[in-house]
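Notes to accompany the following structure.
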Amino acid sequence: MYGIEYTTVLTFLISVILLNYVLKSLTRIMDFIIYRFLLIIVILSPLLNAQNYGINLPITGSMDTPYTNSTREEVFLTSTLCLYYPTEAATEINDNSWKDTLSQLFLTKGWPTGSVYFKDYTDIASFSVDPQMYCDYNLVLMKYDATLQLDMSELADLLLNEWLCNPMDITLYYYQQTDEANKWISMGSSCTIKVCPLNTQTLGIGCLTTDTNTFEEVATAEKLVITDVVDGVNHKLNVTTNTCTIRNCKKLGPRENVAVIQVGGSDVLDITADPTTMPQTERMMRVNWKKWWQVFYTIVDYVNQIVQAMSKRSRSLNSAAFYYRV
């Protein structure tokens, strides 16, 4: 009996010793693997870049554009950019491959081929009737024309801000603007807007509600009109509804994925003086104009700096959506 007990105890002790040996062996193996792994990391670390230092720009690139040393992915690598320009630019350049040339130049700034779209428009008036902006970032080039300052200013106000709009039935109802952010926006091939302010008895102030010839004319044969009248006063309106549509709109705030670039002109259009523009900064810039090639070269050179002043937004703009909400 004692022999069996001794054998059992001996077997137990041997098992404990073997288990201890196995555990120590495993520990030594794990230490060996971990230390070797850390040694490899230490050796290779000088050869690895821990951060993304941005796009490797060629020497001919813009040195004026600041690039932040950041691990954040650059937005333009996964975004689309639309460039709107007047048709006279393509006419002057007179080169069938000029868009391909610009695409290659945008590539040097980090915009992959196929991410930049070129869209032309005939003139400011026609563009204001049917603005369509579907890209993540939208740059609108407007050549300065002293005779079109008002149209350019109103178009910039329309594009650079979001508006909540509702239809107006001017044949049945009077309308009033509640505050400075409330405007009446008209679009069409020819918009002539006349207004007649009313007193509390709905009688015309300086006009007859039954005679549109006595109404005050605030716009004549325009394609885009942003009408501002005295707040809190009812008005009867007369609009050329056969060629124009009018909407009651409320300015909600800036549309941050749009920038307007004024091309040429001694004066810079400024819509920030409008009390409804908050904050008092806008994505409206100016570049010198001599030739359109020079303009496009400047845009390419500063595109990333311009985009940094904008914010990527998913909401698109077109004339149909504008009437209700943009």
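A Cβ is built for glycine as well, from the same backbone N, Cα and C atoms used for every other residue.
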Which of these, GLN149, GLN177, GLN262, does Swiss-Prot say binds Ca(2+) 2 at the same site as ASP228, VAL229, ASP231, ASP301?
GLN177
Check Swiss-Prot and name the cysteine among CYS165, CYS191, CYS196 that pairs with CYS249 in a disulfide.
CYS165
Regarding the disulphide bond with CYS191, report which of CYS135, CYS207, CYS244 Swiss-Prot records as its partner.
CYS244
Nearest of the binding-site residues (GLU216, ASP228, VAL229) to CYS82 (disulfide bond) - Cα to Cα:
ASP228
Could you tell me which of these recorded positions, GLN177, THR214, ASN238, has the greatest number of Cβ atoms within 10 Å of its own Cβ?
GLN177
Which three-state DSSP class does THR214 (Ca(2+) 1 binding site) fall into?
helix
Integer Å distance between the CA atoms belonging to GLU216 (Ca(2+) 1 binding site) and CYS196 (disulfide bond):
6
If you measure CYS135 (disulfide bond) to ASP301 (Ca(2+) 2 binding site) at Cα, how many Å is it?
20
Within the chain of ASP231 (Ca(2+) 2 binding site), which residues six or more apart in sequence place their C-beta under 8 angstroms from its C-beta?
GLN176, GLN177, THR178, ASP179, GLU180, ASN182
By CA-CA distance, flag whichever of THR214, GLU216, ASN238, ASP301 among the recorded positions is nearest to CYS249 (disulfide bond).
ASN238
